[in-house]
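The domain 'FAD-binding PCMH-type' annotation in TrEMBL covers 1-62. Annotation source TrEMBL lists FAD binding site at Asp8, Leu52, Lys70. Taken from TrEMBL, the feature Mo-molybdopterin binding site applies to Gln414, Phe445, Arg559, Ala726. According to TrEMBL, the substrate binding site annotation covers Glu449, Arg527, Phe561, Thr657. The active site, proton acceptor annotation in TrEMBL covers Glu908.
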Amino acid sequence: MTASPISDLNPVFMAAGCKLTLMDKDTSREVQMDDSFFTGYRKTVVRPQEILVSVHIPYSKKFQFVSAFKQSPRREDDISIVTTAMSVTFAPGTEVVEDIRLSYGGMAPTTVLAKKTANKLLGRQWGEELLQEACLSLAEEMTLDPSAPGGMVTYRRTLTLSLFYKFFLTVLQKLRLQGVGTQEVSSDCVSATEVYQPETPSGIQIYQAVPEGQSQDDVVGRPMMHLSALKQATGEAVYCDDIPLYENELYLVLITSTKAHARILSVDVSAAKRCPGVVCCLFADDVPGSNITGVKQDETVFADGQVSCVGHIIGAVVADTQVHAQRAAKAVKIQYEELQPIVTIQEAIAARSFYEPIRTLQSGDLEAGFKQAQHTLEGEIHIGGQEHFYLETYVTLAVPRGEDGEMELFVSTQSPSDSQCIVAQALGVPANRVLVRVKRMGGGFGGKESRTTALSTVVAVAANKLKRPVRCMLDRDEDMLITGGRHPFYGKYKVGFLNSGKVVALDVSLYSNAGNSTDLSLAIMERALFHMENSYSIPNIRGQGFMCRTNLPSNTAFRGFGGPQGMMVAESWITDVAHSLGRSAEEVRRLNLYVEGEPTPYNQVLHGVTLDRCWDECLSRSGYEQRRAAVDLHNRQNRWTKRGLSVVPTKFGISFTATFLNQAGALVHIYKDGSVLMTHGGTEMGQGLHTKMVQVASRVLGIPSSKIHISETSTNTVANTSPTAASASSDLNGAAVCNACEILLKRLEPFKTKNPRGSWEDWVKAAYFERVNLSANGFFKTPDLGYSFDTNSGRAFNYFSYGVACSEVEIDCLTGAHKNLKTTIVMDVGLSLNPAIDIGQVEGGFMQGLGLFTLEELHYSPQGVLLTRGPGSYKIPAFGDIPKQLTVSLLRDAPNDKAIFASKAVGEPPLFLASSIFYAIKDAIMAARAESGITGPFRLDSPASAERIRIACSDRFTKLCPPAEPGTFRPWSVQV
């Protein structure tokens, strides 16, 4: 009834020849479900007053075969790209086609029948000649305009042929079963007819038990459950928007730009002000302090005269309810004078639209390296952006305190201190008048490090003006539109190597799409350059980093912070080297791995390298040799499904690259009853930081963890905190907590000595009566850090986290769909503070990376409008994307002397290991291309979507659907 052009059922009803019974209050009628039923996009022959009463599905005949297929971006819980149903009826006892119906969705504004093709096949024998004829005819009949909505034109056209071929083989099999068919489906093609059956994933988690003799009360190193896990599972955990409404509270909704680059000619709020419940509208003139804001002070609280992206905040409407505020915001009329936008990296390169500085990192003698090389090759890769998709969108509640310009803010942010300073600047008050409180976030992933101030400042300005509490929580589509995401990257490289596969020279240029402001783009580009060689020792190397200034919402921090993009480019060239030499990629990777004592391109000598241990354990745990043999056998025996296998290492530097951020504070109170209240500079976003901090305090104080509580993070308890980011929060805050607890322990020492058999409560009470201070604040700064790009010297990182993953996948060469079969991860997390939380971080980071490299795709129109603004069009991994077998092993006996209790950071490092899935897919595509006689390196951009996989598996069907000539059309969406 909705007449969706991508409905899965409509093609089935059409191909099966169903009849529909329609009824109004006076009459009923029967309508044949054929191509005349749909009269246009989302239109049918059903009259407005009619309803559908029933669908009559006819029984199929003995010699009739019906099949349906769909292909979607994600395998489960997803709408189709192309969907089809096909029905063929044969003359009894023969292979001669008597009737055939081929119905397609996703190939036109309505569900359509391929009538021309069907007519050509009538009276023909069901065999190879018919297949050839059908494919040629379908390629001609099922065309799409290059700028058709939904894009993927070449892929969709190819799918019409591929899915017909699947039907062709399925029918051949069924004819054989009826004793009619003469032609047999060859054994290597049978897999093309198999129906996907989802399997339940299984997991193995391996960690080192605490040493024998460790006290039962000492919870460090034990798999202790996340302290608020049960509250989160039951819904009792309090998030920012769960705070009960204040009396006289108001709701704010943003007014945002619909143009990517334009001058604002006029703003008409007259209709908005007439809407019910509206209290006021706010614009740049209403900011009492400075309208200038942002990490680099190159942004505004409200746009002033000009907008530089779609979603740019122009103003805000404040009303008594969210519904009233939203209705009023839609009524605001803005007139623009449009300017030419720059949207993509390629457009920025052509226009030389870059932010300063252009960073260069160089080591060794590049010219001599290329002379020494026996081979050189060049290549490129584009890595798409990623939406944070935290479950809780941006939210701020601002409560004016009524005197001295004081303001209390409840914010979902990773950076309470930054929020405090930037809000104070906008309000024109000192920072000591602004209190920011964070109990927990529903996910952050870097998206709430610097960008949350865009909302907090606006809400604070409104609360300050109206002297009433104001709240705003963004809807998902607003959040995706406004807040920016992971930087898309484009990498170009030239690599020199020997016959053995040893890489001796590398020249790489990285371009990031920074968006309309600097934000954290420079630090992200620097980290990308610090990780441009991943885990490989390259004697002669140069990396250049260009930040592209474009008219997109400013891109920002995202788990990995440029590291995954830099390492992805590295894995692309190392794979190309292997392909060009005809060697296995694993052999070339192993040959180039760093060893103990080697220097990085930024002249930091590596100590405590566990790469080789992680690599060897990963290969043995995964049974790599046997799996490689099994994959090769499968690929020899199957033409249309191919398996791939890949082993990828990672080396991730731990520290903020801005040296001053490597500091943390903590405040610990011991109360008279012996209970402990603690706070520190880190925020809890589900990652288990508070749980680990309680474990640290429990060990140092020697008391059960049940006596310790963390309520929240706030700017009036620990001042000048660094953002909870860079994977360093356990290291920094853990050391600060340890420091505070040690101070308190020292104060309690005399009472323990005096009463050795006393309890914790006895000692605390005695200290209190002796007027001993039972509050302490701790502090920590990471020693010996500081790197200079000018001199390429100094220590950039405190230490490195290492890991290796081995993944196996299976691709369907006809549709581009893939299955993640098996992944084995070995991760070096030092001596884990909490193996349960650390393994959870490894698994979660891996799945988020899997989304980045295989599924998640942001589509923008050529005018810079984000088209993927919700889960309907933007696909994060689902349960079915978890590898069928996922093994995570934490490396044994690997203490790290650089962090609290010999542990290591774990938040960001595992994310990149998901690239093993991407390169396993590339390995499988290589096997598919070999069937068509194509060998050697080839480009595969990230994410490895079903579309990219299918097009890369070049075969007889893709040749019938060549892509449109560039320059002849305006694309539906562009690669930013």
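Every residue, even glycine, has its Cβ placed from backbone N, Cα and C.
The structure, with features from TrEMBL marked on it.
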residue: Asp8; record: FAD binding site; contacts (Cβ under 8 Å, 6+ apart): Ala68, Lys70, Ser80, Thr83, Gly105
residue: Leu52; record: FAD binding site; contacts (Cβ under 8 Å, 6+ apart): Met1, Leu20, Thr21, Leu22, Val46
residue: Phe445; record: Mo-molybdopterin binding site; contacts (Cβ under 8 Å, 6+ apart): His388, Tyr390, Phe558, Arg559, Met685, Gln848
residue: Arg527; record: substrate binding site; contacts (Cβ under 8 Å, 6+ apart): Phe561, Gly562, Gly563, Gly566, Gly653, Thr657
residue: Ala726; record: Mo-molybdopterin binding site; contacts (Cβ under 8 Å, 6+ apart): Phe561, Ile654, Ser655, Phe656, Leu661, Glu908
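Calculated from their C-alpha atoms, the gap between Glu449 (substrate binding site) and Gln414 (Mo-molybdopterin binding site) amounts to 5 Å. For the binding site of substrate, formed by Glu449, Arg527, Phe561, Thr657 according to the record, the largest Cα to Cα distance is 16 Å, rounded to a whole number.
The residues of the domain 'FAD-binding PCMH-type' (1-62), classed with DSSP into helix (H, G, I), strand (E, B) and coil, number 7 helix, 21 strand, 34 coil.
Ranking the binding-site residues Lys70, Glu449, Arg559 by how many Cβ atoms sit within 10 Å of each one's Cβ puts Arg559 at the top. The Cβ of Thr657 (substrate binding site) has 20 other Cβ atoms within 10 Å, all protein chains considered.
Annotation for Gln414 (Mo-molybdopterin binding site): spatial neighbours Met441, Gly444, Gly446, Lys448, Glu449, Thr452, Thr683, Met685, Pro723, Thr724, Ala725, criterion Cβ-Cβ under 8 Å with sequence separation of six or more.
The Cβ centroid of Gln414, Phe445, Arg559, Ala726 marks the Mo-molybdopterin site; residues of that chain outside this set whose Cβ lies within 8 Å of it are Gly444, Gly446, Gly447, Glu449, Ala557, Phe558, Phe561, Thr724, Ala725, Ser727, Gly907, Glu908, given in sequence order. Cβ atoms within 8 Å of the centroid of the Cβ atoms of Glu449, Arg527, Phe561, Thr657 (the substrate site) belong to the same-chain residues Gly446, Leu520, Ala523, Ile524, Glu526, Ala557, Gly562, Gly563, Phe656, Ala725, Ala726, site residues excluded. For the domain 'FAD-binding PCMH-type' (1-62), the model's average pLDDT works out to 95. Counting every protein chain shown, the Cβ of Glu908 (active site, proton acceptor) has 28 other Cβ atoms within 10 Å.
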